[in-house]
Amino acid sequence: MKTAMTAESTLYDAQTIRERVRAAGVVGAGGAGFPAHVKLQAQVDTFLVNAAECEPMLKVDQQLMAVQAERLIRGVQYAMTATGARAGIIALKEKYQRAINALTPLLPAGIRLHILPDVYPAGDEVLTIWMATGRRVPPAALPVSVGVVVNNVQTVLNITRAVEQQYPVTRRTLTVNGAVARPITLTVPIGMSLREVLALAGGATVDDPGFINGGPMMGGLITSLDTPVSKTTGGLLVLPKSHALIQRRMQDERTVLSVAKTVCEQCRLCTDLCPRHLIGHELSPHLLVRAVNYQQAATPQLLLTALTCSECNVCESVACPVGISPMRINRMLKRELRALNHRYEGPLNPEDEMAKYRLIPVKRLITKLGLSDWYHDAPLTETDYPTDKTTLLLRQHIGASAIPCVLQGEHVVRGQCVADVPSGALGAPVHASIDGIVSEITEQSITVIRG
């Protein structure tokens, strides 16, 4: 098995791999949607699969690895060929035993598993690199600066399909969890509405639900269930609207700043538990809270450190004893600093000797977040769920929006490119996820009706 898989991966050269990944519209499925073909242009010594899936309510990657182990390993080999990497690492948690058992007998030379503890935020790209390789990415730098390219499980599986079948990204696997009748992990057409996705899980079980796109720590508030599934939709979390996780996300920025100025006690727990600070970054959330509260404390260099915040939300959801959100403050600062084209430059300090002991055990995190009553297994189903309407966002990735290459009224088939980015621009094409008629084209999306 190992020999056959290794031989198959040698059928394609680096340029072919990158071209097919680009044509298929593969983007980072676990983050902001960085185009995968651009990452594969880097030349590094290590390709790392971030399979930690540290958000406690999401159950996608851990289950996909168990049932698609061969495809995942072939994808790692294609990525290694494209990047020139000599080493491939799949970093996953010890508790993912089904995945470990499926992957271990298939590992070829040059690819290994790295077992992670069940802590948050082990799935943060920079933290995963540190835990799996011992290398520390400097603040404001990319993983390539330390010789590593990182993708998550679903991205690597999409790379395999793109290379072997020239199959574009038209489906997304996501978890529906929390206050739903049937917690589930399922694969749906890109562009299906979250309203339909919720119905597939049996609907909400509370009278006045709130919704989060993604996990409880980093996911954003959903204001409309008509929002379509995109290439980066990680999950649909349903909770009572009265739940603290929903209420915090509903706070406006003025309230966030007012709370910070009123109750901050300068205990510095937010900094002591900040994962980026622990590995040597200059970022100190308590000093940034102080800076927005008291102008005389706001030096230019201090404010710029906000640009290095990963928005992992440890400071707000775990560290702060009085309900302040340093993360939201950092997000505001980042928006203003980026609007002025400011960039951060600063040192990589020695890592904290207590760093590995200050990451948050996920069991404790679930309790701290008030999720014990809403935490479910959400088993994976391989059912193909159809839909009669898809709304395909033209910007499901970092970079320029895709430009429609079809006309209203045109018949399209699943897998057909309906929008692409200009040559040389950062971005990724968008493909039809169902057969149908283009019913509407706007600046933001293309709507396809089955027919």
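Using N, Cα and C of the backbone, Cβ positions are placed for all residues, glycine too.
DSSP gives C264 ([4Fe-4S] cluster 1 binding site) a coil state; it is part of no helix or strand. Here C264 ([4Fe-4S] cluster 1 binding site) comes close to H286, V289, R290, N293, V322, I324: these same-chain residues lie at least six apart in sequence, with C-beta atoms under 8 angstroms from its C-beta. According to Swiss-Prot, the [4Fe-4S] cluster 1 binding site annotation covers C264, C267, C270, C274.
The number of other Cβ atoms within 10 Å of the Cβ belonging to C309 ([4Fe-4S] cluster 2 binding site), over all protein chains shown, comes to 23. What Swiss-Prot records for C309, C312, C315, C320 is [4Fe-4S] cluster 2 binding site, and it gives sequence analysis as the kind of evidence.
The list of residues near the domain '4Fe-4S ferredoxin-type 1' (255-284) in space but at least 6 beyond its ends in sequence, with Cβ under 8 angstroms from a Cβ of it, reads 121, 124, 126-127, 130, 136, 139, 290, 292-293, 302, 305-306, 308-310, 312, 314-315, 318-326, 328-329, 332, 346-352, 354-355, 358-360. The feature domain '4Fe-4S ferredoxin-type 1' is assigned by Swiss-Prot to 255-284, with sequence analysis given as support.
Taken from Swiss-Prot, the feature domain '4Fe-4S ferredoxin-type 2' covers 300-330. Only residues 6 or more beyond the boundaries of the domain '4Fe-4S ferredoxin-type 2' (300-330), in the same chain, are considered here, and those with a CB under 8 A from a CB of the stretch are 120-121, 124, 126, 139-140, 216-218, 245, 248, 251, 253, 256-257, 259-260, 263-265, 267, 269-270, 272-276, 281-289, 291-292, 337-338, 342-346, 360, 365, 368-369.
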Environment of C309, C312, C315, C320, the listed [4Fe-4S] cluster 2 site - residues of the same chain whose CB lies within 8 A of the CB centroid: C270, L273, C274, P285, E311, N313, V314, E316, S317, A319, S325, P326, M327, N330
Cβ neighbour count (within 10 Å, all chains shown) around C270 ([4Fe-4S] cluster 1 binding site): 26
Cα separation, C270 ([4Fe-4S] cluster 1 binding site) to C315 ([4Fe-4S] cluster 2 binding site) (Å, whole number): 5
Environment of C264, C267, C270, C274, the listed [4Fe-4S] cluster 1 site - residues of the same chain whose CB lies within 8 A of the CB centroid: Q266, R268, L269, T271, D272, P285, H286, V289, C315, A319, C320, I324, P326
Cβ neighbours within the same chain of C320 ([4Fe-4S] cluster 2 binding site) - under 8 Å, at least six residues apart: L269, C270, P326
CB contacts for C267 ([4Fe-4S] cluster 1 binding site) [other CB atoms within 10 A, all chains]: 13
Cβ-Cβ neighbours of C312 ([4Fe-4S] cluster 2 binding site) (radius 10 Å): 24
Between C267 ([4Fe-4S] cluster 1 binding site) and C309 ([4Fe-4S] cluster 2 binding site), the C-alpha gap once rounded to whole angstrom: 19
